[in-house]
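Asks: Take this structure, written in structure tokens, and hold onto it; I'll ask about it next.
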Amino acid sequence: MNFDFDAGFDTETRELRDMVVRFARRELDSSGRFDDAEDFRRRWLLAGKQGLTGTTVPGEYGGSGLDAVSAAATMEALGYGCADTGFAFSVAAHLFAAVMPIVEFGTGEQRAAWLPALCSGERIAAHAITEPEAGSDALHLRTRARPVDDGHVLSGSKCFITNAPVADVFVVQAATDPRGGFFGLTTFLVEASTPGLTVGRPYDKVGLRGSPTADVHFDDCYVPAGAVLGAEGSGASIFSSSMKWERTCLFAAYLGAMRRVLESTVDHVRDREQFGSPIGGFQAVSHRIVDMLGRYEGARLLLYRAARSLSDGTADEVGPALAKIAVSEAAVQLGLDAVQLRGGLGIMDGEAETLLRDALPARIFSGTNEIQKNNVARALGLGRRRPAARR
């Protein structure tokens, strides 16, 4: 397949992308066992040595210091070269949802204590905000952080936490002022070994099976004052900042997976013959391929536009939201089309049905697509308003 994979990248970024693709193909093959915990740790350490777990972290802390565009290119290459999108998702969630808040809001002491090992792959981070009663309504958390001498005591539960079964540190959002709204949340760095912190059994998910996910419980879990990330009451702004990274750079991994499946689908319809000729020559098939390519390219343009705004400091809420919507919806539809064009082979164990299963959660995590549309509508001045009082 011959269409541009460079997106205007400079030579250094193209070389980095190609290196990541080669590494992923050579070292990150899971032999089909995407849910093997021991193999997950092996591959994580290899990814750390390659610099993938700290791409956007400054060099002084062991990272590569990449900007958002180069980081997105790296994640796209990882998604393209690694058949396990769940593993790529775990790397991206570690980096953009948990490590970047430490980079942007941590004290010098916190950065020095955590970032080197998080970059090298020796340690893994997880971001814990979602709760059974607080999904899209993320500001109304029931996990409480009660102030005590020299620290806080955390009580509550989190669910659907990516990397929870393997995490060494959790970036936890908790309510310090339940009535404070946007300013009522505080972010904490909580070590996995902290007394009172327990992790539930890993979920058995329909997709992203290579990404370990579980509940996390805090039972009167004491954390010292030095565990507060940023200022008390700044948790919502920290979360919002991390979501700009996640909705942009994390979703680049899906671009790589889409391209990989799109290429193999084109090869399939060229080779598969029915009625005496390749099925790619049938208009119904060729038009579907063109639609797949158009969705992929459109989503890619939106994502890299959002990445460039992150790099130059002009990012708002709209760009990452549109990128997240476009990529996730394109991935689901591309997966459906790839399955359909393979016929019976599409519902067997293979990369087409794997992409479809891995893409379904993408419309939900990082803020559901419906919530993203609300955010964009509000930015356009179309938010919900109270009805005018009747006279």
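Yeah, the Cβs are placed from backbone N, Cα and C, and that goes for glycine too.
When I checked Swiss-Prot for this same protein, it listed these features:
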ACT_SITE  E246  active site, proton acceptor
BINDING   R272, Q283  FAD binding site
Asks: Rounded to an integer, what is the Cα-Cα distance in Å between R272 (FAD binding site) and E246 (active site, proton acceptor)?
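Replies: Rounded to a whole number, the Cα-Cα distance is 38 Å.
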Asks: How many Å separate the Cα atoms of Q283 (FAD binding site) and the residue listed as 'active site, proton acceptor'?
Replies: 38
Asks: Indicate whether R272 (FAD binding site) is helix, strand or coil by DSSP.
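Replies: For R272 (FAD binding site) - judged by DSSP and reduced to three states - the answer is coil.
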Asks: Identify, among the recorded positions E246, R272, Q283, the residue whose Cβ has the fewest other Cβ atoms within 10 Å in this structure.
Replies: Q283
